[in-house]
Amino acid sequence: MSKAMTNMSLFAIALVINKSISLLMLPVLPHFLTPEQMGKLELLTTFGVVTTLLVSFALHEALYRFVGVEKDAQKRTVSLNQLYSLSVLIAGAVAAILLLLIALLPIPEPFTRIEFAVVTLAIVLEGSIAIGTAWLRTQDDKAKTLLQVMVTTTLLQVTFIVAALALHPHVISVLIGGLIAAVMQFVWLHIINRYTLALPQIALAKQYLNYCLPVMLSALVAFCLNGAERWFIGANASLATLGIYAIAVKFAVGMCILVQPFGMWWMPRRFAYLENGRDNEAVRVSHLGMIYVSALSVVVATLAMVMITNFLPETYHEAVLYTLFLLPIAMLKEWSELLNIAILFKRRTRWLLGINVVSAFVAIGLLFGLSSLGIFGVFIALYYAQLCKLGLTYAVGQQCMTLPFHLSLMVLLQIISGVALFLLHSSQSIGIAIAICILTCCLLAGLAVRYVSKETRSALSQQFIRWRGQVKRYSI
């Protein structure tokens with residue numbers, strides 16, 4: 001493996017570890033926290049996500065655009081310090097305001113002031129941490145350093161949370177673990193990157209903020225499609241329902257993480273295909289990606305059934321049903337990322353923002369309109385919002401550039417995966433569920449053969465013939 005590929009792999013592992021702390025804690029938290037406590041933790045986490053978007057202001061994007069492309073080393077260092085100092089200044093101001101509001105405003109039950117204070121102190125550091133990790137990713141020789149930071153802090157965070165929960169099984173134990181990890185990452189990255197704090201120049205600060213504002217707004221809009229529903233569940237159902245929902249969400253997130261290897265391979269190549277006039281090839285690979293995502297949804301649903309029923313307390317077993325509803329929603333989300341190739345190729349990013357805004361309004365409108373249905377109203381709202389996003393992405397993409405996507409394939413994949421998920425829900429044993437999963441994956445693999453290139457198909461055929469010959473030789 002080349003050095004560049006090795007570094008890219010290390011960066012990818014570091015980022016996955018950093019984003020997968022909730023998945024790592026999945027087998028642990030339900031054994032210490034009740035569904036009500038899990039729901040409470042999910043609401044606090046959601047508050048943290050929104051506040052992080054506002055505090056960080058997506059300034060790490062300015063690092064890629066203005067700092068990373070600077071050729072002069074001295075100017076690059078000055079720009080980096082200016083950007084970092086701006087991030088710290090914003091974090092300090094927001095922290096002071098939020099802590100003052102927490103101290104003065106009434107806190108609704110069952111939350112406490114100390115819980116909101118701990119969450120606030122952790123999230124105000126996220127913007128500076130994002131800049132630090134982004135800066136390391138721009139330097140090929142820092143891949144191992146970033147991996148070391150992420151692995152060490154994640155292990156310490158998990159160790160602390162498990163020990164703290166054993167002594168004090170409450171939400172605050174998890175929150176303090178997150179704060180400790182954030183402080184460690186902040187200090188460690190500050191030392192590694194050798195920042196020098198300076199008063200931000202008004203002209204540079206204005207340039208950075210103007211560039212990052214649309215990115216931040218896009219992230220807030222995306223939150224309406226992936227995150228805001230937690231508040232509706234907490235308000236219209238119960239914290240216990242939200243806690244069970246939080247378990248199901250982890251599996252949907254896990255499926256999206258499993259899509260990343262394909263995305264890391266395909267995303268850097270897709271525009272080159274279009275630039276070289278290989279439109280049909282680009283569509284063919286995108287179709288294979290859709291089939292892969294569909295297969296993953298069935299596999300993850302089966303894994304969720306096995307893990308939840310065998311390793312989690314019985315109070316969380318309803319999460320199996322919730323997972324079966326969430327996976328098709330996640331599947332549509334990933335399909336949209338594959339269909340937006342023409343929009344991005346033509347650099348119509350504002351159109352993508354418009355699509356997200358329309359889809360977010362659809363989601364919010366349906367969440368309010370279907371609130372009487374409780375958790376199942378949330379599933380319906382999210383599904384149709386993602387379906388709206390997929391349809392708009394396809395329609396707008398065709399206006400940008402006509403690509404021969406097969407709508408019939410998308411409908412067929414929805415039917416196959418939908419039937420498979422229904423059969424999984426109806427299955428009476430783990431063995432039957434695994435058999436359904438295997439049969440569905442075989443069916444999808446047969447469907448994928450149609451979209452495999454002739455060269456690849458020929459190579460696979462020759463490999464199979466060679467393998468069969470070896471088996472016959474050994475059997476004799």
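Cβ atoms here come from the backbone N, Cα and C positions, even for glycine.
Bear in mind that TrEMBL entries carry predicted annotations, made automatically and left uncurated.
These come from TrEMBL:
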type: TRANSMEM; residues: 46-63; note: transmembrane segment
type: TRANSMEM; residues: 83-104; note: transmembrane segment
type: TRANSMEM; residues: 116-136; note: transmembrane segment
type: TRANSMEM; residues: 145-166; note: transmembrane segment
type: TRANSMEM; residues: 172-196; note: transmembrane segment
type: TRANSMEM; residues: 208-228; note: transmembrane segment
type: TRANSMEM; residues: 240-267; note: transmembrane segment
type: TRANSMEM; residues: 288-308; note: transmembrane segment
type: TRANSMEM; residues: 320-345; note: transmembrane segment
type: TRANSMEM; residues: 357-385; note: transmembrane segment
type: TRANSMEM; residues: 405-424; note: transmembrane segment
type: TRANSMEM; residues: 431-452; note: transmembrane segment
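Two recorded stretches are said to be in contact when at least 3 C-beta pairs lie under 8 angstroms, sequence spacing 6 or more; the transmembrane segment (431-452) and the transmembrane segment (288-308) meet this definition. Of the two recorded stretches, the transmembrane segment (320-345) lies close to the transmembrane segment (240-267), with three or more CB pairs under 8 Å once pairs fewer than 6 apart in sequence are set aside. With a cut-off of 8 Å between Cβ atoms, the residues of this chain six or more beyond the transmembrane segment (46-63) that come close are 80, 83, 86-87, 90-91, 94, 98, 116, 119-120, 122-124, 126-127, 130-131, 133-135, 138, 207-209, 211-213, 215-216, 219-220, 223, 227-228, 230-231. Only sequence-distant pairs (6 or more apart) were considered; of these, fewer than three Cβ pairs between the transmembrane segment (172-196) and the transmembrane segment (405-424) are under 8 A, so the stretches are not in contact. Across the candidate stretches 116-136, 145-166, 208-228, 357-385, 405-424, the maximum count of CB pairs under 8 A to the transmembrane segment (83-104) is reached by 116-136. Distant neighbours of the transmembrane segment (145-166): 10-11, 13-15, 17-18, 21, 24-25, 28-29, 32-33, 133, 136-137, 173-174, 176-178, 180-181, 184-185, 188-189, 192; these residues of the same chain sit at least 6 beyond its ends, with a Cβ under 8 Å from one of its Cβ atoms. Beyond its flanks by at least six residues, the transmembrane segment (116-136) meets 14-15, 18, 44-45, 47-48, 51-52, 55-57, 59-60, 63-64, 67, 80, 83-84, 87-88, 90-92, 94-95, 98-99, 102, 107, 142-143, 145-146, 149, 172, 175-176, 178-179, 182-183, 185-186, 189-190, 192-193 of its own chain at Cβ-Cβ distances under 8 Å.
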